[in-house]
Each structure stands twice: as C-alpha cells, then as structure tokens.
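These come from TrEMBL:
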type     : residues  : note
TRANSMEM : A:17-37   : transmembrane segment
TRANSMEM : A:58-81   : transmembrane segment
TRANSMEM : A:87-108  : transmembrane segment
TRANSMEM : A:129-162 : transmembrane segment
TRANSMEM : A:174-194 : transmembrane segment
TRANSMEM : A:272-294 : transmembrane segment
TRANSMEM : A:306-331 : transmembrane segment
TRANSMEM : A:367-396 : transmembrane segment
TRANSMEM : A:417-436 : transmembrane segment
TRANSMEM : A:442-464 : transmembrane segment
TRANSMEM : A:476-496 : transmembrane segment
TRANSMEM : A:516-534 : transmembrane segment
Amino acid sequence: MSAILAAEAGDTTARNITIVLFLVFVAVTLAITVWASRQTKTATDFYAGGRAFSGFQNGMAIGGDYMSAASFLGIAGLIALYGYDGFLYSIGFLVAWLVALLLVAELLRNSGKYTMADVLAFRMRQRPVRTAASVSTVTVSIFYLIAQMVGAGALVALLLGIRPGTTFLGMDADAAKIATIILVGALMIVYVTVGGMKGTTYVQIVKAFLLMSGAAIMTVLVLAKFNFNLSSLLGAAADQSGKGEAFLEPGLRYGVEVAGNAKQTFYNKMDLLSLGIALVLGTAGLPHILIRFYTVPTARAARKSVLWAIGIIGTFYLFTLALGFGAAALVGGEAIRAQDAAGNTAAPQLAEALGIDFLGGDTGGAVMLAVIAAVAFATILAVVAGLTLASSSSIAHDFYANVIKKGQTSEGQEVKVARIAAFAIGAVSIVLALFAQKLNVAFLVALAFAVAASGNLPAILYSLFWKRFNTSGAVWAIYGGLLAAVVLVFFSPVVSGAPTSMFKNSDWQWFPLSNPGIISIPFGFLCGWIGTLLSKESDEQKYAELEVRSLTGAGAH
Amino acid sequence: MTTDAPAPASTSPERYVEVQRSDEFAGLRKALRGFVFPMTAAFFLWYALYVILSAYARGFMDTKVVGHINVALVFGLLQFVSTFLIAWYYSRFAGAKIDPTADKIRGELENGDKE
C-alpha cells in the first residue's frame with residue numbers, strides 16, 4: 001500500500017524526471033542519427049550500415065532490436081500476475097535463437113545482400129518471389145509495429161500518471177495517448193529516413209545498454225531484498241499472489257485446466273503447444289532480425305553476433321524472472337492490476353518500490369520510476385525503428401527495384417524510394433495504431449511470430465537446404481503460411497466472440513485456439529513442398545552457386 | 001541488380017558446379033549438416049518436451065526440489081543452460097571443422113578466377 005500512496009506524492013517528480021531523461025535519450029539518438037546520415041553515402045550504408053559493425057556491436061543491436069516492450073514490460077507483467085507461465089514466453093524467445101544460429105544467420109549473410117528476399121529469390125524467378133517476400137515482410141512488420149505503438153500510447157498515459165480526469169500539459173489521458181503514438185511514429189521515421197541502418201543500429205545499441213543496465217540494477221536490488229535467496233523471493237511472491245504454490249507452477253495463464261470442461265481444457269493445452277512452437281520457430285523468420293546479419297563484414301562475424309545476442313538476451317530473460325517475481329512480491333498483483341489489467345506497468349511499479357526502499361523515500365522512488373519509464377520508451381523506439389527499416393528496405397529493394405524496375409534502377413534512386421517507403425510505413429502505422437488503440441491488440445506480437453514461422457521460415461530453410469525447391473514452392477510457402485496464420489487468427493477468440501476479444505461485441509469465431517502456429521506452421525511447410533512438386537522448374541547451376549556461396553562465403557557482398 | 005560488390009560476377013557458373021561436385025565441398029556440406037541437423041532436432045525435441053510437460057505433466061512439474069524451487073523452474077533454467085551450451089559448442093565446432101575448409105575452398109575459387 002505504501003507504494004501506491006508514495007506514487008501519488010511522487011507523481012510530479014517522477015513525471016518531470018521521466019520527461020527530462022526521455023528528452024535526453026531523444027536528443028542523443030537524434031544526434032547519432034544526424035552523424036550517421038553523414039556516413040551514409042551508398043545503398044550498402046543505408047541498408048546494411050556499410051557492413052562495418054563488429055560481432056559484439058551487432059549482438060547488442062540484435063538485443064536492442066529483439067527485446068521489445070512485449071519482452072520487457074510484457075513478460076515481467078505476465079510473471080507478476082500469473083507467475084510461472086510468464087517464464088514460458090522467455091524460454092521460447094531465447095531457444096529460438098538456436099534456429100537462427102545453426103541454420104540461418106551465416107548462410108544468409110554469405111548469400112544475401114540487403115533483404116530476406118535476396119536469399120529466397122537467389123535461384124528463383126525474381127518478381128513473384130520478391131513480391132511475396134515483400135508482402136510478408138510488410139505484414140509481419142506492421143502487425144509488430146501496431147502492437148508496439150499502441151503499447152507505447154497506453155504506457156505513456158500510465159507512466160506519466162495520467163488517469164481519466166487528470167491532465168498533463170493540458171492533455172487528458174486520451175489526448176496524451178494520441179500524442180504519444182504520433183510522437184513515436186515521427187521519431188521512428190526520422191531515425192530510419194535520416195540515419196538508415198547505421199543510425200538505427202546505434203539507437204538499438206544504446207537502448208540495449210540502457211535496458212540491460214536498468215534490468216540488472218533492479219535484479220540486484222530485488223535479490224538483495226531477499227538476501228540473494230531465490231527460494232525466499234519465490235515464496236514471498238507466492239504468498240503475496242494469494243494463489244500459493246500454484247503461482248510457481250505452470251497453468252495459471254496458459255494451458256489452463258477448466259474444471260468440468262474437458263473440451264476447453266484440451267483447447268487450452270493445444271494453445272500452449274501452439275504458442276510454444278510459434279515462439280521457437282518465429283525468430284529466424286522475422287525480417288527485421290534477418291537484415292541485422294547483413295550489417296557485419298563476414299559470416300563469422302554474423303555467428304559472433306548471434307552468440308553475443310544469445311548471451312545478452314538470455315541474461316535479460318533471467319533478469320525478467322527476478323523482476324516479475326519481485327514485482328509480485330514487493331508490489332503485489334492487486335496494485336499492479338489497479339494500474340494496468342495486463343500487468344504492463346509491473347516493472348515500472350517495481351522500480352518505484354525499490355527506489356523507495358533503497359534510495360531513501362519518495363524521491364528515490366520517483367527517480368527509479370522515472371529511469372525505468374525512460375528505458376521503456378527507449379525500448380519501444382529502438383524496436384519500431386528496426387521494423388520500419390526492415391519493411392522500407394523490402395519495399396525499395398525487393399518491390400521497387402526488382403519487381404517494378406526489374407533491376408534497372410540506380411542505387412541512389414533505390415535509397416530514395418526506401419526513405420519514402422519508411423515515411424509511408426510510418427504514416428500508415430500511426431493511422432492504424434490510432435484506430436487500434438482502444439482494441440486489445442496484445443496478440444499481434446504472437447501473430448507476427450506465427451506468420452514468420454509459417455511463411456518465411458519454410459521458404460528460407462527450403463531455399464538454403466533443398467535442391468529441388470523452386471519459384472512455385474517459395475511463393476506457395478510464403479502466401480500459404482501467411483494466409484493460414486492470419487485467417488485462423490481472424491476466426492479465433494482473440495479477434496471475436498470472447499470477453500477479451502479485439503471485437504468483443506461481435507462473434508464470427510470458429511477456430512478455437514488463439515495461436516495458429518500448430519496448424520499454420522506445418523501447413524506452410526506443406527505448401528512449400530506441394531508448390532515445389534507442382535512445378536518442373538529447377539536450376540541446378542544456380543543452386544550450386546547458392547550452396548557454394550552460402551557455405552564458403554565466396555563472392556559474398 | 002543494383003550491385004555495389006562486383007565479386008560474384010567474376011566466378012563462372014560452371015566453376016560453382018565444379019566446386020559443388022568436388023569431394024572437398026561434399027565433405028564440408030556433410031560436416032555442417034551432420035552437426036546442425038541433429039543438433040536442431042535435439043534442441044527442438046528437448047524444448048518440445050519441456051512445453052509438453054508444462055501442459056500435460058503438471059504433477060511432475062510441480063514437484064518441489066528445494067525450498068520453493070520446483071521441477072518446472074529447474075527445467076526452465078536448464079533450457080537456458082542447454083541453449084548457452086549448444087551455442088558455445090557450435091562455435092567451437094564451426095571454428096575447428098567448418099571455417100578452415102570453407103576458407104580453403106573460397107580461396108581456391110577466388111584465386112582460381114584471377115588466373
């Protein structure tokens with residue numbers, strides 16, 4: 001309770017410090033962006049940061065690109081409210097990196113140039129494959145972008161302490177949300193159009209550093225509170241949660257057992273498996289992650305960057321374990337739900353409680369809250385910049401240069417189109433996020449992973465490892481997986497027919513699972529296989545070139 | 001293609017086919033696939049086992065190990081440990097068994113073209 005009272009008292013201080021820190025972050029990153037724009041002369045600079053980053057730098061940037069608000073605020077909140085089940089998410093998000101490390105990163109770096117489609121279209125007919133890859137890249141990125149931007153809007157209202165009835169700079173909660181979405185959108189457009197991949201990468205590195213430092217400090221403070229005894233932290237969290245030991249066990253959020261309803265229990269458990277598969281197979285098909293492998297000079301550096309990323313991301317998810325259970329123990333589920341029903345404010349609220357405890361009273365609490373809130377904004381900004389860059393690269397390099405212009409365009413023209421595309425993607429996401437802000441869009445991140453795993457991953461793996469694979473197979477895999485995932489989710493309870501649905505007053509739901517992966521991923525692989533067999537096209541010479549280049553790095557860009 | 005690195009054009013398609021059919025390249029492919037395919041199957045099954053147990057073997061997962069630490073938590077942490085170990089082991093393997101051969105073939109391809 002003291003945390004809540006202090007929250008009211010410290011509100012103004014925290015708000016002011018958050019704004020100052022956020023402005024400092026924006027000023028620093030904009031300065032970096034302007035500096036990066038002076039170093040950006042060629043298309044390789046714009047798309048791939050001149051391929052001049054080191055394995056460690058890129059590992060940090062991958063962390064910055066990957067650890068979204070869903071990872072930081074979302075998982076900490078899930079653990080704080082539902083205990084163990086939040087941890088399931090982090091495990092899937094981490095193990096997924098082995099797919100990228102073992103099967104994708106190095107081969108992609110060796111054989112591609114700027115986008116995912118460079119590898120997919122290597123031995124295929126350019127136009128159909130690049131069009132499909134572009135559609136899928138933009139779809140995945142937009143889903144992800146809307147989730148992040150709506151999240152940003154909701155967070156700013158909560159973190160700046162604007163509740164219905166109060167105002168900030170003369171704005172009420174609704175106006176502040178709209179202003180935040182537009183601000184986040186405008187900043188990401190500036191980062192990408194001005195700074196290109198170089199600017200975006202540095203923004204992500206700075207963010208990764210801030211996020212890791214913030215999470216590390218909070219983790220140490222949480223553990224110190226419990227004399228570095230994990231068991232007593234868990235015990236306190238279980239006691240506070242009111243659910244006892246069940247809080248430390250799987251089953252409160254995913255795969256829930258509904259007494260007397262065997263059918264729903266079955267669906268819930270299938271849903272858990274479905275989510276697990278999509279998480280682990282989605283990462284290596286996310287376009288904004290894949291293009292990061294082009295920012296280093298060699299495949300070996302790409303391998304090093306994934307190794308660093310695994311270390312950084314894995315450590316971060318271990319931190320979130322302490323943050324989530326720490327928030328459950330020190331803030332309590334009731335106080336968290338009072339702020340945000342989904343638990344997204346658990347980490348900032350924990351920061352405040354820790355600040356009050358360790359830094360001396362309300363001011364300390366306000367300072368910690370402000371710091372972590374600013375880190376959360378930085379987190380969102382770095383991720384949306386990466387997404388905008390990935391989709392604008394694909395529109396310019398795949399669709400404009402290779403589909404519309406059939407490869408007959410200048411480098412300068414292509415980069416110009418990429419900048420315009422970034423602006424357009426940013427504008428479209430702002431508009432969509434404004435429309436979606438009152439809807440429950442938390443499922444969009446999981447959907448982005450499902451689409452990436454169902455459409456992009458089969459196409460990438462078949463391309464790299466299956467000699468017989470051809471244009472028809474690639475097009476079938478991408479559209480088949482993409483459509484299966486989107487259609488199933490559209491008819492699932494996350495979109496309609498349930499109290500938590502996006503459209504809760506309508507009901508056209510017939511697919512019982514919230515996560516389509518368990519159907520759509522095998523379906524995507526199957527489509528790729530059938531599509532391949534339906535066409536006689538086969539270019540052994542081009543496959544020889546792809547195979548030799550991807551494995552040895554000969555002729556790599 | 002709006003390309004800025006002219007390197008690939010210099011090697012003829014026939015050369016790539018020739019290299020692809022060489023014993024040396026077949027050995028490289030076999031070494032790489034012989035590692036990454038079984039390893040992928042292994043970590044995927046290990047992860048699937050974890051998710052399946054979380055869904056269907058709650059009694060087992062809920063067993064206390066020490067204090068408030070139960071099997072589910074230990075199992076989850078072991079996924080972190082296995083991920084770190086596989087990543088480390090792969091980088092060691094690739095450094096010793098893949099990189100030297102890959103470099104050699106690449107060198108032959110690129111020098112061969114200059115002659």
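Any Cβ shown, glycine's included, is placed from N, Cα and C.
Where the annotation comes from TrEMBL, it is an automatic prediction and has not been curated.
Remote same-chain partners of the transmembrane segment (A:476-496), defined as residues 6 or more beyond its termini with a Cβ less than 8 Å from a stretch Cβ, comprise 120, 132-133, 135-136, 139, 440, 443, 447, 450-451, 453-459, 462, 502-504, 506-514, 516-517, 519-521, 523-528, 530-532, 534. Using a cut-off of 8 Å between Cβ atoms, the transmembrane segment (A:17-37) and the transmembrane segment (A:367-396) share at least three residue pairs, counting only pairs 6 or more apart in sequence. With a cut-off of 8 Å on Cβ pairs spaced 6 or more residues apart, the transmembrane segment (A:442-464) and the transmembrane segment (A:367-396) reach fewer than 3 such pairs and are scored as not touching. Counted over residue pairs separated by six or more positions, the transmembrane segment (A:87-108) shares fewer than 3 Cβ pairs under 8 angstroms with the transmembrane segment (A:516-534), which leaves the two as not touching. In this chain, the transmembrane segment (A:367-396) lies in contact with the transmembrane segment (A:129-162); the count of Cβ pairs under 8 Å, excluding pairs fewer than 6 apart in sequence, is at least 3. Of the two recorded stretches, the transmembrane segment (A:58-81) does not lie close to the transmembrane segment (A:417-436), with fewer than three CB pairs under 8 Å once pairs fewer than 6 apart in sequence are set aside. Counting same-chain residues at least six beyond the ends of the transmembrane segment (A:174-194), those with a Cβ under 8 angstroms from any Cβ of the stretch are 26, 29-30, 33-34, 36-37, 148-150, 152-157, 160, 162, 168, 200, 203, 380-381, 384-385, 388-389, 392, 419, 422-423, 426-427, 429-430, 433-434, 437.
Distant neighbours of the transmembrane segment (A:417-436): 46-47, 138, 141-142, 145-146, 149-150, 153, 178, 181-182, 185-186, 188-189, 192-193, 384, 388-389, 391-393, 395-397, 400-401; these residues of the same chain sit at least 6 beyond its ends, with a Cβ under 8 Å from one of its Cβ atoms.
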